[in-house]
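One structure below.
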2 protein chains.
Amino acid sequence: MKIPVLEVFGPTVQGEGMVAGQKTMFVRTGGCDYSCAWCDSAFTWDGSQKADALTPETIVAKLQEIGGDRFNHVTISGGNPALHKGIGELVQLLKAQDIGTAVETQGSFWQEWLREIDDVTISPKPPSSKMVTDWEKLDYFCEQLQSRPSGSQSLKVVIFNEGDLAYAKKVHARYPNMTFYLQVGNDDLEEGTPTRLRDHLLERYEWLVDTVMEDKELNNVRVLPQIHTLIWGNKQGV
Amino acid sequence: MKIPVLEVFGPTVQGEGMVAGQKTMFVRTGGCDYSCAWCDSAFTWDGSQKADALTPETIVAKLQEIGGDRFNHVTISGGNPALHKGIGELVQLLKAQDIGTAVETQGSFWQEWLREIDDVTISPKPPSSKMVTDWEKLDYFCEQLQSRPSGSQSLKVVIFNEGDLAYAKKVHARYPNMTFYLQVGNDDLEEGTPTRLRDHLLERYEWLVDTVMEDKELNNVRVLPQIHTLIWGNKQGV
């Protein structure tokens, strides 16, 4: 079963969340059931870039062609990769080669192959995205994973403003046993100079840290910047 | 049994390693069996600041006085906290209150209370530190923890140069099943302007990322900067 793919690149570092810093290859799938106002990968769903329909075997061949023997971890991102049933076959091929896997998805669609993913990041979208969370779908998604070891999945909410923080608290209170990440949002996708973007984002990160440190409803949480953005700014494919 | 304590502060974010981003309080103990050339907390062992000998109960009271109800995680750092047997009692007091714990130590001394710590970071020191690793002691230390879940401990090596990278590869090859972190070293402890230090350290981080990405002996690894230094520079107590 073919999968729409927009980018295959790496190895590079995972810049976000529960596997931040991990040396990994990226497979970015096309298509999304969401259209977040601030999406940093809008090219996966806004028609500006065309996806190739690739078989799982072709994707593995591409990973090997680009990454050679310099990787043993693959991150499947999007778009929303959980739209694609065919990824199950890709995951099996990677597992057979002892390659670790990570996925990030908003938790709006469930796929059985998610059980086979080493690190699942569930990233429900806060109000600033203009998306509306279907809590029943998110409950169902989280329930499917709850029998796995606690370090195998996490929630991550991107924060742009106070309204997003209120949403994050609601998510954390609803799933108190899930490792919980707060990530500072990138609100300047047009800035072309990495050092200028970096200063701005670290200012926003400091605001988020200060705010969370004062809030007793957000104790067992982790607050992180997007590491790749601090180095490479808004550049695609790194 | 009293513990020599130099700082109690927080809540703040853990800036390094396996619990990077975690909201946590810090207890910094005095005394170290090492004297790393580039130690960023040399005041814990060089005599420039005086430790208070505190009972575990007093330390918990201090944590509550400073952190109030805004924390449920405590990081015990140093110096080398594993020099102090009395920390076992502190850990019991924290556990009784359902407070998570993390420790960082170079792995040169073992203490039974380390089994009770949620997140143990073992940070053997590379050649640039001018310290010499006792591999038998490090083997013993790692063996003690190997029956715990794999996400409960990790190795972390700070990298300043190519010699340190060669050392890191040796450590990773010796303990291949241990989650492995590479951290870019701060080689400018005198820089007083955080933004200048930030630009320099992110340049060093980019060098480290680029180097590791090309190296097939360093595949299953994570590469991170010191996040707190990117915001607060060389300031103590944050």
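Using the three backbone atoms N, Cα and C, a Cβ is placed for every residue, glycine included.
Those TrEMBL annotations? Automatic predictions, nothing curated.
The annotation in TrEMBL ties A:Trp38, A:Cys39, A:Asp40, A:Ser123, A:Pro124, A:Lys125 to S-adenosyl-L-methionine, and of the candidates under consideration, A:Gly79, A:Gly86, A:Gly88, the one tied to the same site is A:Gly79. Together with A:Val13, A:Gln14, A:Gly15, A:Ser77, TrEMBL lists one candidate of A:Arg28, A:Arg115 for binding substrate, that being A:Arg28.
If you take the Cα of A:Trp38 (S-adenosyl-L-methionine binding site) and the Cα of A:Gln14 (substrate binding site), they are about 20 angstrom apart, rounded to a whole number. In this structure, the CA atom of A:Ser123 (S-adenosyl-L-methionine binding site) is 12 Å away from the CA atom of A:Ser77 (substrate binding site). Each residue in A:Tyr34, A:Ser35, A:Ser41, A:Ala42, A:Thr44, A:Trp45, A:Gly79, A:Lys125, A:Ser129, A:Met131 lies on the same chain as A:Cys32, A:Cys36, A:Cys39 and has a C-beta within 8 Å of the C-beta centroid of that [4Fe-4S] cluster site, without being one of the site residues.
Contact annotation for chain B: of the listed binding-site residues (A:Val13, A:Arg28, A:Cys39, A:Asp40, A:Gly79), A:Val13 place their CB atoms under 8 A from a CB atom of that chain.
By neighbour count, meaning other C-beta atoms within 10 Å, the densest spot among the binding-site residues A:Val13, A:Cys36, A:Cys39 is A:Val13.
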